[in-house]
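Report on the structure given below.
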Amino acid sequence: MSRQDDSADGPEQLALIRESVRKAKAPKAKPRTWRGAALAKELPVARVLVDKGVLHLDRYFEYAVPQELDAEAQPGVRVRVRFGAGSKNVRDGRREGGGLIDGFLVERVAEAEYQGPLAALAQVVSPEPVLDAELLGLTRAVADRYAGSLADVVQLAVPPRHARAEARTFPPAAEPPAAPEPGSWARYERGAELIGALASGGAPRAVWTALPGPEWAGEIALAVRAALASGRGALVVVPTVRLAARVDAALEAELGPGRHALLTADAGQQKRYAEWLAVRRGSVRAVVGTRAAMFAPVRDLGLVVVWDDGDAHHSDDHAPFPHVREVLELRAARERCAFLLGSLSCTVEAAQLVRSGWAGAVAAPRDEVRRAAPRVRTVGDQDLARDEAARAARLPSVAWDVAREALRSGPVLIQVPRRGYVPRLACQTCRAPARCRRCAGPLEAREASGALACGWCGREEGAWQCAECGGVRLRAQVVGARRTAEELGRAFPAVPVRTSGREQVLDTVSTAPALVVSTPGAEPVAEGGYAAALLLDGWAMLGRPDLRAGEEALRRWITASSLVRSQEAGGTVVIVAEPTLRPVQALVRWDPTGHALRELADRAELAFPPVSRMAAVSGTPRAVADFLRAVELPGDAEVLGPVPVPDTAPGGARRPGAPPPGEHWQRALVRVPPGSGTALAHALKQAQAARMARTRGGVEPVRVRVDPPDIG
DNA sequence: AGCACGCCGACT
DNA sequence: GTCGGCGTGCTC
C-alpha cells in the first residue's frame, strides 16, 4: 500500500486507504476524527506502545499523526490514543467507544504496516521524550532477557509524569571535576588502576570485594568522581533507601552540593519525577538510588555500580522481576561503559563474572584483609554441650564473656534472625530437618500453643521421632529480638539495650557502651565501630531449604561483622554455629570470594544457575502441561518436574505470588546450558503470547519467571 | 479487559 | 421473520 500524494483531497490521504479497504463492504466511511484535519506531511504514521496490560505482548499499534500534533509527536513522548473494539464501529460515520488510553510514541514512519484504517493520535500528553531510543533499547533488552512484556518493563523504567516538575527549567550540568587521587582504593590490588581507567575514559569491568568498615561508600563516590572527570555520567544502585542516603552523603562530600541526584521510590511523585528529569535533561550527571534507578536515563553513561548484589531488594517485585545486577550488565554492554559490582561479601553470580573473564577481580591482599577484619570465634555444638550456663541462659558463656569485656570499650551488636525467617525444626542429635509424616513438609512450632504442626498440610504432630537417627529431641527455639533484648538487659543492668528491626530501624549508635539487638539488614552503624558482635542462632540461617542459604547466611554475618572494629583494635565476633560448616569457615577466614567460588563449582556440577539458566512455569496442572506441550524449547533445554507448589512459605506465611487460594498449582523448571538463555526466554515468550491471544476458550494462565528466586 | 459480531433456539 | 443467548476474536 502506497502513500497518496496530497493534492485535491490532501487532508484525507489516509482516509483513502481506509476507503480502498472498506469499499467492498461498507459504502463510505469518513471518520469524524479526520474530517477537516490534515495529517503530518512527513512520516504521518506513529508506532505506539499501548499501555494496556499483557494482552498483546510487545506489539506496536499504528496511528495517524494529525498535522497539528506533527511537531510534538516525536519518538519517546507520551501520547493518548483511542483504543478498543468500539472504535471500529464506523458504519454510520460515527466513531465512538473505545476509551482514551496512555501510550508511548516509539517511532514515526512513512507507511503503515497495518492493512486496515488508522485512527489518529488523540493527544500528545507532553513533548518530553521520556522513552528515547536508548531507554527503549534497554527496556526491550530487559524484556527479552526475562521473557516479559516491553510494556511491563517500561512501566518500571519511566516514572509517572508530574506536570509541575516538567515545567521547570534545569540548569546546565557543572563542569567535570578534576580526576581524583586513588585514596583508599590504594588498599586494593588494581584499585588505583581502576580509578585511573575510569578517569581516563576507559570502560573497565570489576567485581570488587570491599574491606570491612564504612569506607566503601566513600570509595564508590570516588569511583563516580573519576567517571565524571572523564566527562561522562555515572549511576549507583544500592539495595535500600538507608544505604542510598549513605552514598548520597558520600557523593556530596566528594563532589559538592547539587552535582548528583538521589532517586528513591519513597520520595513523593513530584520530587521523584523532577530528579529523574534533571538526569534525563543532562543537568545532573551522577545518580544514586534504589533499584528503579537502574533505568535512570543518565547522559553519556560512563560507569554503573551495583552495591551488595546479594541483597534480595535488588530483585524488582513487579513482572518480569529484573535484577539490578543483570540490568546493569546489559547496560554496561549496550552503552559500553564501566561496570563495578561491589560487596563486602560475594554472590555466586559475581564469582561467575570473574570466572568467565567478563569482569576482573578487585580485592585487598590477604594481610590487609586480616588487619581490617575482626577476630571471629565460633561456638559449636560440642562447646554448647559442655556449657551448662548456655543451656540455662540460652547464650553460650563465651558470648557472655566477650560481651562483658567489650562493653568496657564500646557498643556490642547482637544479631538475631528475624521472626518468620526461622525455618524448620531439626533433630537435636543429627540435625536432620523434622518433617511431616504424612506429606514430608517442614514441621513448625505453632506460635501460640507451641504445638508441633506441618507447615504445608497443617497436620499436628504429637510424638515426633527423627526418621534418620531415631532421636526425639528437637532444636528449635530461636529467641526473637525483643526477648533477647529483655534477657540481656537483665544480665547487664547498667547497660542500655537498644533494638533495631523491621518496625523501627536505627541508623547509627554512639560510641558509648550499649547492647544493640538487631535483625539482619537493620544493623545500625556504630561510630568508631562495635567493640564486639554476637551472631546468634547461626544454624537457623543455614537451615533454609534454599540453594542460597549458605551464601545468604555468610552475607548477613559479614555485613554485621564488618561494623565491628578491626582485630588490631580488639574487635571480636562470636558466632553460634558449627565451625565445620563451609559458610562459618568462610567467615572465620573472612574469605567470601573463596566461598562463592566453591559454591559456583558445586552449581556447575549440578548444572544449577548461574552456570545454567532456569525459568519456572507455574499454574494449574493442566495449564502447565498444556504450556509445556505447546512451547518450542531450544534443543538443549531440559524440563524438571512439574511438582506441586506449596502455597505457604516456610514459616507459614502466604508467599507472594502464590496460587490463588483454593487452587493447587504445579511448577516446572526449564533449564538450559549457558548460551541458550536468550533462546529459552524467546521460546517462553512466544508460547506465552500465543496463549494470551486465545485466553478465552477456558485457557488458564501460566506464570513464567526467568531466574526464579527460590530454587530449593 | 471490554466490546461487537455471529451463528444458534424461543418468541411476537 | 427477529430478538438475544454467549462463544470467539479484535483492538491500529
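Using N, Cα and C of the backbone, Cβ positions are placed for all residues, glycine too.
What TrEMBL says about a protein is an automatic prediction, not a curated fact.
Range annotated as region 'Disordered' by TrEMBL, chosen from A:482-502, A:692-712: A:692-712.
Considering other CB atoms within 10 Å as the measure, the emptiest surroundings among the binding-site residues A:Cys427, A:Cys436, A:Cys454, A:Cys466, A:Cys469 are those of A:Cys469. Cα spacing between A:Cys466 (Zn(2+) 1 binding site) and A:Cys436 (Zn(2+) 2 binding site): 10 Å, rounded to the nearest whole number. The DSSP secondary structure for A:Cys466 (Zn(2+) 1 binding site) is coil.
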